[in-house]
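Encoded as structure tokens, the structure appears first; notes follow it.
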């Protein structure tokens, strides 16, 4: 097959929030940049974020970045790197104000400032009371943000390759990244994008689970590509189950509903979060709320004929508040739950939502790997930001509204790093290896010719059911051990997927098969990392690591205060230390403590 | 809802093998959990993986799965499958070139969107903090900023069908008014100049198909009326 070659200063894969924010940095600095995206930019999954973006603007309640940092470290169950967290929370006001200047239609306070609402795990004065930190555009913050970022990129003349799917990372013999291969969906042609810098902003892989708030496109493409190219994946055992997915449909209901006063109730109408989190109640951290809900359901206090969900109640809020602050939620609830939340509560269950782990990076957006005894050596030419990356700011559990902040801060930071490296002459166009496209062409060719193999949708469903059963909200040692074997079997099945559609033009069967290759890497990484981590921390809670005096909440800092690194080859595991030291001397390290809300 | 079978009549065309498009009769047995038309299409695709359509968020916010459903444009993910008259007739959005099956070439649609300069223009030096905007002024943007660029409106508009290269179309004009209405934007005059043309704005004949089909309940016709009002106001 003939493979066209295109050359750029930088190639960005993904045009969600992180990709678009990075692209702005590069386009405005005049770098020749290609942004590859498998969907039109405004269809990226950032569009579905609802509740807000965190920044300690203090527009309605007193606030400062120290409190935000404390909340984020505590939320991460101390697995987050404190240098990256300090960097993120101190940049928050700047990147949010920038967005406002780009035209983002934030809601407003009476004095014209950006409207802020309370959110789970965000507090004032180190955990004392909820704080209003989430900057919101009604309950459509992600939509407003993604469109504002796309619009700003239109102004900056960013060059997009729309409906191009990146296939594989290209590394030379030194391990430097020199670009990616990609397929144009409309023609089926494979091209090489040769670049001095490659930035991955490909989002998460929530579709590894059966029940997910994530879009169909969230198939972990960048994470899978990195893993296949020998880059380890960090902390993949940590997945966030959002407390309020619509029961049955999985569609997200923002935590902003509880920020506006919504209450979770069990079958007897009890506000059960008062028992689990006496202080922050319904606004406790997401992992805590999800586990409390599942406990209620498991102990027979669930709602509905099958007692399989709980209720999110906002009937006590005024219809005006609901229509003004939560109009999108009302639409979703009517559409997918058949309930008007003005009149009746919404049935909800914890649903897979966010990937805390990912491609290991530092706070500058450089991808880092262990080399010669140093755990964090930058891979030349390779950068990552947003959900596909692990900086790590979310550690073992992300706080709501910190994801939109993450993609803004680290999208910008990765962009700035590339621009600096470019200007200082540190970035050069390294020669392509002779076999640069071979792996991708072989994958395409296998799908062309595979006979007697497995069906993509069957393998995908097997994977999703395995993940759901064996690596869910609560984890059990025997299920994890069994899950590892099962997911390895599923991975074998994925090697022989076959497709009926052989067309060159917009072949979505082929796209789904290629996406499955990426999902499978993520599923293996998750199951194997989870089985190995013999403690409970944040979103990873197992039956054989209970709450004891020695290990509060089952967390074992002596043995497990460390990041997991999973390598695809041989499913090998390695570990590296957590950075407990902030970036500057302006703040003391947040000392280890038991997490309560 | 238990298992049930749905009959479809679907526009099929693969330029790689078909000489011309045809309507395919096909049925699918749904699972109890299949509630929306998109669920049915995903189910159908397990039977025939060559059926091609765009989809992503499946909750009506990304704008990918717009199509013509029983003669009316809409989003597959927001359309209840039960209650749709059968056979459910699916065609690509009208008026745009078909690439394959239900997938259309949206180049012309986005070209018109880009032509209205869809970004905030404010040439004052950026302040350190946010630009202030009163809640009432912000309220003016409601019903405008929520557009998901699905193209249901523009591709249901006869004026857009006749002049897709010259008439901006309802989606683009809604976006134009979104910036005109924004108190932070300083380019109202240029925006009005850009639209003062027999085609770009004035091909709208208030047929209102756009309002009828918008899956987000937006009203492009009203926005177009407001732009016309502003033009009249600045002329006198």
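Every residue gets a Cβ built from N, Cα and C, even glycine.
Curation does not apply to TrEMBL; its annotations are automatic.
Database features, via TrEMBL:
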- A:286: active site, proton acceptor (ACT_SITE)
- A:14-19, A:37-52, A:221, A:387, A:403-404: FAD binding site (BINDING)
- A:242, A:254, A:353, A:398: substrate binding site (BINDING)
- A:532-545: compositional bias 'Basic and acidic residues' (COMPBIAS)
- A:9-404: domain 'FAD-dependent oxidoreductase 2 FAD-binding' (DOMAIN)
- A:45: tele-8alpha-FAD histidine (MOD_RES)
- A:532-559: region 'Disordered' (REGION)
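For the region 'Disordered' (A:532-559), DSSP puts the residue distribution at 7 helix, 3 strand, 18 coil. Sparsest Cβ environment among the binding-site residues A:14, A:51 (other Cβ atoms counted within 10 Å): A:51.
In sequence order, A:213, A:240, A:243, A:252, A:255, A:286, A:354, A:400, A:403 are the residues of the same chain, not among A:242, A:254, A:353, A:398, whose CB sits within 8 A of the CB centroid for the substrate site.
In terms of Cα spacing, the recorded positions A:39, A:43, A:45, A:242, A:398 that come within 10 Å of residue A:286 (active site, proton acceptor) are A:242, A:398. Among the binding-site residues listed (A:242, A:254, A:353), A:353 has its Cα nearest to the Cα of residue A:18 (FAD binding site). For the binding-site residues A:18, A:39, A:47, the largest tally of other C-beta atoms within 10 A is found at A:18. Proximity to chain B (CB-CB distance below 8 Å) holds for A:47 among the binding-site residues A:47, A:51, A:242. Looking at residue A:242 (substrate binding site) and residue A:51 (FAD binding site), their Cα atoms lie 13 Å from each other.
Spatially close to residue A:403 (FAD binding site) yet at least six residues away along the chain are A:49, A:354, A:387, A:394, judged by Cβ distances under 8 angstroms.
Taken residue by residue with DSSP, residue A:398 (substrate binding site) is part of neither helix nor strand, so it is coil. In this structure, the CA atom of residue A:398 (substrate binding site) is 14 Å away from the CA atom of residue A:51 (FAD binding site). A count of other CB atoms within 10 A of each Cβ picks out A:43 as the most crowded of the recorded positions A:43, A:45, A:242, A:286, A:353. Around residue A:254 (substrate binding site), the same-chain residues at least 6 positions away in sequence with a Cβ under 8 Å from its Cβ are A:50, A:51, A:139, A:244, A:326, A:329, A:400.
Separation of the C-alpha atoms of residue A:353 (substrate binding site) and residue A:45 (tele-8alpha-FAD histidine): 11 Å, rounded to the nearest whole number. In the structure as shown, the Cβ atom of residue A:398 (substrate binding site) sits within 10 Å of 28 other Cβ atoms. Mapped onto three states, the DSSP output places residue A:254 (substrate binding site) in coil.
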